[in-house]
Structure formats: structure tokens, C-alpha cells
């Protein structure tokens, strides 16, 4: 937004006189756009018709700021083919050179451009319209001259010309802005490195086959693309090959996805199998292990069988007969309580040994 200067001061900081106030009221120059809801107008639609003389401004005066009704009129020209960010940044610099500025942009026609520079991608109408929709532009001048003349500067009441400081040799001159610089009306801007119309065209030429194949696939004819019959067949064949490659790539991706899912499910199954195996082995050891429930149950059953085969002896109240002191007689069916037999076979063996001992005693 332009800086609003004090209403009681002029552009030079000197209080206004009544005559100066009347002269400024006679100015009918367009003011900078306060909104961005509409494209910038063309110069022939809102031309500057000043009844008062157009006073020259110095750069110092312009940088201090001017009244709202007297914006600094800055002019920037160019071809603006394939309008890009480099163009927009240059116009942004031109617009913000001074606190209160009105930016006029001159666009050369196709005839002048083709004569002095070369063929353009966009037509002049397309280039005019592209400039109108840049937010920094206040007015577009169609069919701008290649070299600025005093008559052109006076017609559009131009205060300063903004352009990069690199000498622009064209139309038989080493620098078409030389006389502007000598008049003290030139204000330099900076170029944006890495992007230009020539760079964009170079990218298109470098990847021409890719763009030609893409546009053929989208429905453009070979005639519209200026493609020969042989190249058209080649490009269409390459498009078919690319489609096949894309299908194969999709099949490979789906196969990889399927294999991944199978591996994931296999991993889950193996993990579940391992868990079930550990559970089964634990249950088996708990039942049949060294200290398992099956061994305890077997020992309990063996003890019951032994008790069934060898019941306890009833107490004997009759006096014992005289025997040798070293050995006390006992009936053959009595089993030693201190060391019970561990099995029925051991019990039978002990009974047979006891019977043999009795025979020896006899």
C-alpha cells in the first residue's frame, strides 16, 4: 500500500501554497489500485491527462514519499514471454522502489519482438493479459516501443524507468537505456538467478520427445505438434512400451504386496505354533515328568497294592518261647516294618528267604 504523506506538505517537504494546491487538484492521473479484485487496466483505457505541468522528481524526493494524489510513476518494459516468477520479482522490485508509486508496464508487440529478438511462444495478446493479472502492475501499455523516446516518456508522464543494470544491446545500440541513465531517470533492479524464459525453452527442447509423446497420448495430432510420420509411429510405440512397463510394474508391486502378506501370515502361524508347542511340552512334562502327577499317582497305587498283599500283624499277648538271644523267632508271614518291600516281587523274595532260614534253624 502507498504511504500517505502529510496533507499540508509537498513532495519536497515544503509547505504548500494555495496555488500549488489548485494545480494538484487539476491532476487527473490514475491512482494506485487499492484493491486486487480486478486486472490492471490498459493505458488507452485510463490515460494520464494532466492539465497542470508534470513536475520532475529526483530520486531523493521520490524516496522521501509523495502525496497520495501525486504517485511516482515508474515504468518497466519487456517481452514477458512465458511469464514466470523472475518477471514477477522484477515487477515487485519496481513497484516497491518508492513509498508511493504507480507502476506502468510496457509490453512490446509481436512485430517488434520478432524483428529485434526472435520468435515468441506466447502471442502478444496472451502476454498482455498475463501482465494484467500480476498484483504489482497498475497499468499495462500495449505495443510499447523498443527504444524509449522523450515523446513517449512525456505522454505517459513517466518519472523513472526500472530495469536490471546489465547493458541491453539491441537495435544497433550497445545499451538501449543509455540515454535514460544519462538523464538520471534509471533505477536498477536485480535479476532472479536460475530462471528465465530462455531457461524454460531450453528445458522444453531438452525433453522434447517426452512432451511430444505426452501430447500425442492426450489427443493432439502429429500435424499440430509438427511431428513427422516416422516420429509419430516411434512415439506411439514408445507410449505402448511405457504402458506395458507400467502394467508389469503394477503386477510386481502387487506380487510383492502378496508375498509380504503371506510372509506376515506365515510368521504369525509359526509364532502361534511355537506357543502351542511350548504349552503342549509343558503340559506333558507336568504330567509325565520326574515330579509329574503320573508318577505320584503310580506311587500311591503301588503303596495301596502292597498294603493289600501284606496287612499289619495283630499284637501277640502270649508269652514268647525260649529262643536264642541272638535271634528272635518270627512267623514267616510277618514282614519287617523297618524296610517294607518296594514291590510284590521283593515281598515274595523276602518270604522265600524267611522260609529257608526257618529250615536251617530246624
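Just so it is clear, glycine is given a Cβ too, placed from its N, Cα and C backbone atoms.
The region 'Disordered' feature in TrEMBL is assigned to 1-28, 308-362. Per TrEMBL, domain 'Cytidyltransferase-like' is recorded for 75-203. According to TrEMBL, the feature compositional bias 'Low complexity' maps to 314-327, 344-355.
Applying DSSP to the domain 'Cytidyltransferase-like' (75-203) sorts its residues as follows: 45 helix, 26 strand, 58 coil. Over the domain 'Cytidyltransferase-like' (75-203) the predicted model carries a mean pLDDT of 94.
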